[in-house]
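Worksheet: the structure to be examined is printed underneath.
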Amino acid sequence: MLKLCALGLKASALEERLPTVVTMDNGGFCDDNYQSGSSDDELVDISDVTVDFSEDVPPLDRDYSAGRCKAEWRPNNSPKLMDLLDDTVPGIGTYEDFNTIDWVREKSKDRDRHREITNKSKQSTVALLFSISDAFSGWLLMLLIGLMSGALAGGIDIAAHWMTDLKEGVCLNGFWFNHEHCCWASNETTFQERDKCPQWKSWAELMVGVSEGPGLYVVNYFMYVCWALLFAFLAVILVRAFAPYACGSGIPEIKTILSGFIIRGYLGKWTLIIKTITLVLAVSSGLILGKEGPLVHVACCCANILCHFFTKYRRNEAKRREVLSAASAVGVSVAFGAPIGGVLFSLEEVSYYFPLKTLWRSFFAALVAAFTLRSINPFGNSRLVLFYVEFHTPWHLLELIPFVLLGIFGGLWGAFFIRANIAWCRLRKNTCLGHYPVLEVVVVTLFTALLAFPIEYTRMSSSELISELFNDCGLLDSSKLCSYTSNSGSASGSVNATAANGLGARLAGQGLYTAMWQLALALVLKMFFTVVTFGMKVPSGLFIPSMAVGAIAGRLLGVCMEQLAIRHHEQDIFRGWCSPGADCITPGLYAMVGAAACLGGVTRMTVSLVVIMFELTGGLEYIVPLMAATMTSKWVADALGRESIYEAHIRLNGYPFLEAKEEFRHKTLATDVMRPRRSDPLLSVLTESRMTVEEVERLIADTTYSGFPVVISQQSPRLVGFVLRRDLIISLENARRHQEGVVSTSPILFTECDPPMSPSAPPAVKLRSILDLSPFTVTVHTPMEIVVDIFRKLGLRQCLVIQNGRLLGIITKKDILKHMAQMANRDPDSILFN
Amino acid sequence: MYRLTSRVAVNLLTFSSLMCFLLILSAQTSEAKNSEDIRCKCICPPYKEIAGQIYNQNVSLKDCNCLHVVEPMPVEGKDVEAYCLRCECKYEERSSGTIKGTIIAYLSILGLLLLYMVYLTLLEPILKRRLFGHSQLIQSDDDVGDQQPFANAHDVLSRSRSRSNMLNKVEHAQQRWKRQVQEQRKSVFDRHVVLS
């Protein structure tokens, strides 16, 4: 772990530039002007935050104020204007890989910066312009994120569509056209076979020249499997070779990052490139996965990269996370063509800190992105998504019962999926299965392709399937799903009956029965392969697969209901359902409701899901069915398991994520959680003025804690402040290099003023500038629920525990997570990072 | 200072390339619509004994209706209206330039990445071995810097000078990137600490 972080970071400076400098402007402090020799922002070792404690605390009667200056505290009447670009030691104020940021510190840094710019702007016109551009930069950044993500999403859509069709054949007009665009202007298309035209050649026709018979089928089957294997193989080796972080859906990690965790390189350039390229490959390989989650990741990568051009966001981790929140809204906005749904998704599902300002910015960015995507027009139908549907047939009140049934199914599926997928992922994580990621992907693709090709509904891409299932059978449809017979006794056969025949016009025909059992097979297949596929080492989202499962189930139920209603239309219950001349029941609506229910069961979204669904469909009258199904599905799923799939993955990986939804109900006190425990060694503290460089260096070398409290003296452990290990190391190193006469015996001073010293003594190293003078403290008797609340709401990283003003211990975020895991009877050691 | 300016330059470069990309993209989308890129597609369901039919024409938006597009009209006289009422006509447009550009750009990036991957995995080790005899270069300072917390700080602060020419810098950046990817690979694929 340590090695990973140290090296990973060292290598990552170029990739992910973190805020370099800026000290906090805490009250009055002495001027420590370090000359910065370089401006790099690399890192040092990491470690756990835990600090020891001294048991025997002598009474606080010592002359602890000896040698200090009188004006220890003075009001902050003249904030020190520092030049934010240089002047401080590089690296101070940055974080190491796999560490948690301190929201309070970052926010106060930003406030200081803002205050300084405002003050300066009164002095000159240039500064005024600078302040205006600074205020404007947030919106400009949003505009750029929207443009870039929209463009990328459009490209991904076009390329994925083309590659999916490449498995079947190629266009002779120009190889870059997909099947639909190949036959764009063709007049040879017929009503029954909409997508057949002479320009589009299947591989069998090209290679062996047959156009009919079993030979065609076998060759096409073979080519389909080969292409699928090739795409999946390329995807997984590219991920492995260039950007391992590009695999998976990315939403659990982004959730964790937004809560303040740092994963260096996770949102970098290479991740962006590889994720974009391999996402297309993975989607078009026919694996049961979607592109929505990865698109959120792609949008966040865009945001992170664009943040580098704006000092305000480059230097501040908290501000950058606000931008990333907005970017995740952009991701959903382009994935579903649902800008408002995207904003709500960001608010409900991924974001940790979401102020109103971010809401407006997300709104704007989502709008820009949707507009960009629309102007690229990737599907050639002026819609943002493939499965936009439009029907406005009313629904009957009693139909709420089947909708609730669908909700129950969705909840059950969600709970089952989460259990099964987590079990599978745990297997992958802990056994030798995980040692063969490439082989795993290839094998899963092989089986998916082999099983998917024979069934019509699994052969097509998931989004096409969903669009077909959502579709209501009109007069214009000729698919098997719409093959109804008319029972009017005429000779019209199995051709689509017209609704003009009145009641009973939609009795199921032979084609529909075939379609039904094919759909049932497809349902089983999709359910199984979704569980196995999600979490493989290729970019993989699960929105589309879950929706496909729900849509199939919904359509099946819808058709059953429809047939039931038609066959028994004279009975009391169904009497009102079918009015002459109109369709009784819209199976497409059931598919939609089923899709929403299943997605809700897996992700546990409610509001955003319903909004996304009605933005997708454009039908406001279906809000109530969607809401009923989503809510039921959430209840059922929550009853069976509390976590959503993303939270389950966060827990599986042991990311330090403090869930805001979970309540803390145990009656423990801060003293039960704080470190050190009774049996542990003493709390490692620094003293304000009595330690030498050598002692501090030894303390750093001996411990692995990421921060040290500073007290007045060992005998009287009254708290002065808190200093971070990283800042301390860098400052000491800097002093050794650049300050004259610093030797191992030089004292280290955290005080404001110098104590009297003999002239022959080596010069002191003054480190007050890196000292956090306002660390958060709680008393030993603070209930843990309040402590947890403080951590959640303020985004703290650590909190010191005092009693009667004496420092007793420290509580870190990791301690809290461990404590919560322990309280919930889970393994506390599963929290890996601090 | 030198590092700072180079960083700014890199940023500017990335930024401008991004802008170029966006410009090209917008140029492509607003490219004059050639006649191939619009169509009016009418789907007419079966009517009496006439089977369902699809009609496709290159007409502008205002002419996109059954009367203009369905040619030859399969029915006569008073049936035309009844037939046309059932047809659904949709005006659609696309940009074949964007499609072509996207696919070609995508394939070229994919090809470049594959070539680079082949170079990194197959050719480079051979070249290195031939040039330097030993594989010591590949064994970079993997183990240094872990134990002593100050080693890295040394690194941080001493990075500024040294390295004079551009080639070295590129080489160094590449080395750093490779190490980073290696670490990521270890944590994702071998130890399964993240993203499992």
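Cβ atoms are placed via backbone N, Cα and C, with glycine included.
As annotated by TrEMBL, transmembrane segment applies to A:125-147 (among others).
Through the fold, the transmembrane segment (A:221-246) approaches residues 163, 166-168, 203-204, 207, 263, 265-266, 268, 270-271, 273-275, 277-278, 281-282, 284-287, 297, 437-438, 441-442, 444-446, 448-450, 453-454, 459, 536-539 of its own chain, all at least 6 residues removed from its boundaries and within a Cβ separation under 8 Å. Taken from TrEMBL, the feature transmembrane segment covers A:221-246 (among others).
Per TrEMBL, the feature transmembrane segment maps to A:267-289 (among others). Remote same-chain partners of the transmembrane segment (A:267-289), defined as residues 6 or more beyond its termini with a Cβ less than 8 Å from a stretch Cβ, comprise 12, 15-16, 152, 155-156, 159-160, 162-164, 166-167, 224, 227-229, 231-232, 234-236, 238-239, 242-243, 245-246, 250, 257, 295, 297-298, 300-305, 324, 444-445, 448-449, 452, 459, 461-462, 526, 529-530, 533-534, 536, 538-542, 544-545, 548.
For A:295-311 (among others), the entry in TrEMBL reads transmembrane segment. Proximity of distant same-chain residues to the transmembrane segment (A:295-311), defined by a Cβ-Cβ separation under 8 Å and at least 6 residues beyond the stretch ends, is recorded for 16-17, 84, 137, 140-141, 144-145, 148-149, 152-153, 156, 246, 249-251, 253-254, 257, 267-269, 271-272, 275-276, 279, 320, 323-324, 326-328, 330-332, 334-335, 350, 369, 539, 541.
Panel annotation: around the transmembrane segment (A:323-347), residues 138, 141-142, 145-146, 149-150, 153-154, 254, 257-258, 267, 291-292, 295-300, 302-304, 307, 313, 353-354, 358-359, 361-363, 365-367, 369-370, 373-374, 383-385, 388, 543, 605, 607-609, 611-613, 615-616 of the same chain, lying at least six beyond its termini, place a Cβ under 8 Å from a Cβ of the stretch. Here TrEMBL flags A:323-347 (among others) as transmembrane segment.
The transmembrane segment annotation in TrEMBL covers A:397-418 (among others).
For A:438-457 (among others), the entry in TrEMBL reads transmembrane segment. Through the fold, the transmembrane segment (A:438-457) approaches residues 221, 224-225, 228-229, 231-233, 235-237, 240, 285-288, 428, 465, 468, 480, 515, 518-519, 521-522, 525, 529, 532-533, 536-538, 552 of its own chain, all at least 6 residues removed from its boundaries and within a Cβ separation under 8 Å.
Taken from TrEMBL, the feature transmembrane segment covers A:515-536 (among others).
Within its own chain, the transmembrane segment (A:542-561) is flanked in space by residues 249, 288-293, 335, 399, 402, 405-406, 409-410, 413-414, 417, 457, 462-463, 465-466, 469-470, 481, 508, 512, 516, 519-520, 522-523, 526-527, 530, 533-534, 585-599, 601-603, 645, which lie at least six positions past its ends and keep a Cβ under 8 Å from the stretch. Residues or ranges marked as transmembrane segment in TrEMBL: A:542-561 (among others).
Per TrEMBL, domain 'CBS' is recorded for A:674-740 (among others).
According to TrEMBL, the domain 'CBS' annotation covers A:770-828 (among others).
Residues 236, 247-249, 287-289, 413, 417, 420-421, 424-425, 428, 437, 440-441, 444, 447-448, 451-452, 455-458, 462, 465, 479-481, 483, 508, 542, 545-546, 548-549, 552-553, 555-556, 559, 645, 649 of the same chain lie 6 or more positions beyond the ends of the transmembrane segment (A:515-536) yet place their CB under 8 Å from a CB of it.
For the transmembrane segment (A:125-147), the residues of the chain that approach it from at least six positions outside its boundaries are 117-118, 299, 302-303, 306-307, 309-310, 312-313, 323, 326-327, 330, 361, 364-369, 371-372, judged by C-beta separation under 8 angstroms.
Under DSSP, the residues of the domain 'CBS' (A:674-740) split into helix, strand and coil as follows: 24 helix, 17 strand, 26 coil. For the domain 'CBS' (A:770-828), the model gives a mean pLDDT of 87.
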